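What Swiss-Prot records for this protein:
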- C28-C31: disulfide bond (DISULFID)
- C137-C151: disulfide bond (DISULFID)
- C145-C163: disulfide bond (DISULFID)
- C165-C174: disulfide bond (DISULFID)
- C260-C263: disulfide bond (DISULFID)
- C291-C305: disulfide bond (DISULFID)
- C298-C314: disulfide bond (DISULFID)
- C316-C327: disulfide bond (DISULFID)
- 287-328: domain 'EGF-like 2' (DOMAIN)
- 250-297: repeat 'FU 2' (REPEAT)
- 28-31: motif 'CXXC' (MOTIF)
- 260-263: motif 'CXXC' (MOTIF)
- 1-22: signal peptide (SIGNAL)
Amino acid sequence: MHLLLAAGFGLLLLLLPPPAASKKPTQCQRCRTLVDKFNQGMANTARKNFGGGNTAWEEKTLSKYEFSEIRLLEIMEGLCDSSDFECNQLLEQQEEQLEAWWQSLKKDYPNLFEWFCVRTLKACCLPGTYGPDCKECQGGSERPCSGNGYCSGDGSRQGDGSCQCHAGYKGPLCIDCMDGYFSLQRNETHSICLACDESCKTCSGPSNKDCVQCEVGWARVEDACVDVDECAAETPPCSEAQYCENVNGSYICEECDSTCVGCTGKGPANCKECIAGYTKQSGQCADIDECSLEEKACKRRNENCYNVPGSFVCVCPDGFEETEDACVQTAQSEVTEENPTQPLSHEDL
């Protein structure tokens with residue numbers, strides 16, 4: 001039994017989809033994280049264990065501590081979690097480089113990220129550059145993609161430097177406006193595109209009067225694009241069991257109330273006609289109480305009538321049974337009525 005369960009469990013594991021592999025950080029991301037933690041460590045230890053008293057002594061002692069190996073060791077100990085194998089591996093491989101920067105290169109290369117990740121490890125590029133040789137992004141390193149997009153591979157040794165434009169912009173330098181946007185300002189290096197009015201497919205300005213072409217669901221009336229009321233069309237766009245609601249640029253078909261046969265709007269007050277079992281009362285479809293009508297709804301003798309939404313139910317009372325034209329009292333119930341407290345005889349048992 002246990003072997004069967006184990007085999008079944010193993011088969012289930014094989015059939016289950018594999019867990020999604022977590023995306024590993026790139027070498028540049030690992031290097032940047034290490035540098036960020038190093039800089040944070042420097043900030044945390046900047047005035048450690050000094051807090052008032054003999055100022056001259058503090059300045060002298062602090063100056064020694066600032067560049068000491070003790071401080072470096074404290075910073076290095078906080079760079080990687082014990083469970084982060086890749087971080088610890090990188091630190092072990094580059095420990096001597098970090099010590100060299102700390103002891104003799106920090107003054108000439110104050111930007112640790114640039115010296116360590118860009119120049120030494122060649123894992124990253126400076127902002128605005130990309131790829132193995134850290135080439136400038138499209139539009140230049142100062143304002144890649146004219147400031148209106150992202151440079152593929154920006155700051156890394158990856159990517160192709162092409163521009164991925166923000167919403168509203170297009171073109172190799174993200175300087176042109178997409179359909180639905182207009183140019184507010186443009187020169188050789190800068191471009192500002194703003195959204196057209198919702199009624200415009202293309203436009204030259206912000207209002208519905210600036211439309212060059214109307215969007216679908218809108219039509220030009222005089223000098224502006226206005227909403228088309230599809231619900232007012234000669235042939236309604238919705239089915240007979242629905243009503244039409246106009247919205248800007250389109251329409252919505254909503255279901256009629258369950259009591260309606262056709263409707264002009266929401267709820268039982270907007271029914272064109274009522275379904276069977278309902279009738280118009282005070283302007284809306286209401287349930288007919290068939291059991292209270294002058295003409296009896298339940299035709300069989302002794303039968304009880306119960307009203308339900310849109311209909312009624314005919315049921316024989318307790319102690320009665322159905323026949324074709326009446327509810328007939330059962331023999332057992334007749335005996336009980338004649339002798340309500342008399343116990344059953346031995347023969348009856």
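Backbone N, Cα and C atoms are what each Cβ position is placed from, and that goes for glycine too.
Sequence features, as recorded in Swiss-Prot, placed on the structure.
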| residue | record | Cβ neighbours (10 Å) |
| --- | --- | --- |
| C28 | disulfide bond | 20 |
| C31 | disulfide bond | 22 |
| C151 | disulfide bond | 24 |
| C163 | disulfide bond | 24 |
| C165 | disulfide bond | 20 |
| C174 | disulfide bond | 24 |
| C260 | disulfide bond | 25 |
| C291 | disulfide bond | 16 |
| C298 | disulfide bond | 18 |
| C327 | disulfide bond | 19 |
Want to know which disulfide-bonded residues, from C137, C145, C163, C305, are within 10 Å of C316 (disulfide bond) at Cα; which are they?
C305
Given the disulfide-bonded residues C28, C31, C260, C291, C298, C305, which lie within 10 A of C145 (disulfide bond) by CA-CA distance?
none
Residue from C31, C137, C151, C174, C291 whose C-alpha is spatially nearest that of C298 (disulfide bond), among the disulfide-bonded residues:
C291
Please classify the secondary structure at C298 (disulfide bond) using three-state DSSP.
coil
Looking at the disulfide-bonded residues C145, C263, C316, which one has the fewest other Cβ atoms within 10 Å of its own Cβ?
C316
Taking Cα-Cα distance, which of the disulfide-bonded residues C31, C163, C260, C291, C314 are within 10 Å of C137 (disulfide bond)?
C163
Using DSSP and collapsing to three states, where does C137 (disulfide bond) fall: helix, strand or coil?
coil
Among the disulfide-bonded residues C137, C305, C314, which residue has the largest number of other Cβ atoms within 10 Å of its own Cβ?
C137
Would you list the DSSP helix, strand and coil counts for the residues of the domain 'EGF-like 2' (287-328)?
3 helix, 18 strand, 21 coil
Local backbone state of C145 (disulfide bond), from DSSP in three classes:
helix
Local confidence of the prediction over the motif 'CXXC' (260-263), expressed as mean pLDDT:
95
